[in-house]
Amino acid sequence: MVSGSKAGVSPHREIEVMRQSIDDHLAGLLPETDSQDIVSLAMREGVMAPGKRIRPLLMLLAARDLRYQGSMPTLLDLACAVELTHTASLMLDDMPCMDNAELRRGQPTTHKKFGESVAILASVGLLSKAFGLIAATGDLPGERRAQAVNELSTAVGVQGLVLGQFRDLNDAALDRTPDAILSTNHLKTGILFSAMLQIVAIASASSPSTRETLHAFALDFGQAFQLLDDLRDDHPETGKDRNKDAGKSTLVNRLGADAARQKLREHIDSADKHLTFACPQGGAIRQFMHLWFGHHLADWSPVMKIA
């Protein structure tokens with residue numbers, strides 16, 4: 001069972017403790033291996049590189065707000081399955097045939113360090129591990145496990161991350177409308193946020209209306225998250241290649257930074273309203289969301305170390 005917030009513990013400290021529990025669980029899922037097992041080594045290094053862990057953190061916070069009654073190991077398995085999926089998608093996104101990135105999470109990308117073939121195989125290995133984790137979750141009835149697997153597979157597939165990356169590769173240089181950009185942003189970013197919250201809702205036996213409202217929240221949160229990422233494209237502390245959006249039709253490039261920041265705030269306000277209905281008795285996600293975006297929107301300050 002997920003406990004509530006502890007009295008006297010700052011939100012920042014609590015997030016750090018939760019993130020450490022996620023990192024520890026990930027390390028256990030991908031133990032250190034013989035240096036000759038290059039694919040397993042690439043999987044572990046890709047996952048264990050310093051990351052924000054936003055997705056698994058949100059899952060733990062959502063479990064608190066939704067009054068999840070299962071075990072913490074099961075919840076961590078579900079959360080880490082999503083993080084493995086996210087990391088696999090980053091490995092593929094960074095490939096020379098796609099974004100051709102050299103830096104990720106402050107370190108050389110997987111294909112730069114291990115080669116392209118290893119990066120592809122490592123991403124497949126991570127996806128396999130992710131689905132296996134959910135399928136083997138002992139605390140959940142079989143029907144719920146199947147629903148959770150379906151949520152994640154749909155988010156990853158040809159109507160999810162795959163389509164989003166295809167559009168980003170082929171349409172980003174075009175003069176896209178704002179709606180077209182928003183659609184691609186949802187597929188690239190928002191759809192995995194939606195899937196992970198649905199997985200927590202399934203594990204928490206939440207009502208259909210709650211799940212529907214969480215989906216609406218994820219739509220707005222994902223758009224805000226992508227806008228923040230685009231606004232920080234040239235920021236030196238992202239741990240990624242800088243100015244990768246030059247020449248692309250992002251909302252920031254199309255509307256300007258000030259208008260994009262205003263659009264971001266509108267998405268946060270809308271997401272907050274959805275949370276009021278989805279989690280009326282819990283405020284863990286809401287507090288995290290406002291802390292996270294508030295600090296970054298204020299002055300791009302790196303002071304908030306949950307970044």
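Any Cβ shown, glycine's included, is placed from N, Cα and C.
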* Swiss-Prot annotation, isopentenyl diphosphate site containing Lys52, Arg55, Arg105 - matching residue among His25, His86 -> His86
* For the binding-site residues Lys52, Arg104, Arg105, which one has the sparsest Cβ surroundings, going by other Cβ atoms within 10 Å? -> Lys52
* Asked: Beyond Lys52, Arg55, His86, Arg105, what residues of that chain have CB atoms within 8 A of the centre of the isopentenyl diphosphate site's CB atoms?
  -> Gly51, Arg53, Ile54, Glu83, Thr87, Leu90
* Cβ packing number for Arg55 (isopentenyl diphosphate binding site), 10 Å threshold -> 20
* Per DSSP, Gln226 ((2E,6E)-farnesyl diphosphate binding site) is which: helix, strand or coil? -> helix
* Quick one: give me the count of other CB atoms within 10 A of the CB of Lys188 ((2E,6E)-farnesyl diphosphate binding site). => 21
* What Cα-Cα separation, expressed in whole Å, is found between Asp99 (Mg(2+) 2 binding site) and Lys188 ((2E,6E)-farnesyl diphosphate binding site)? -> 13
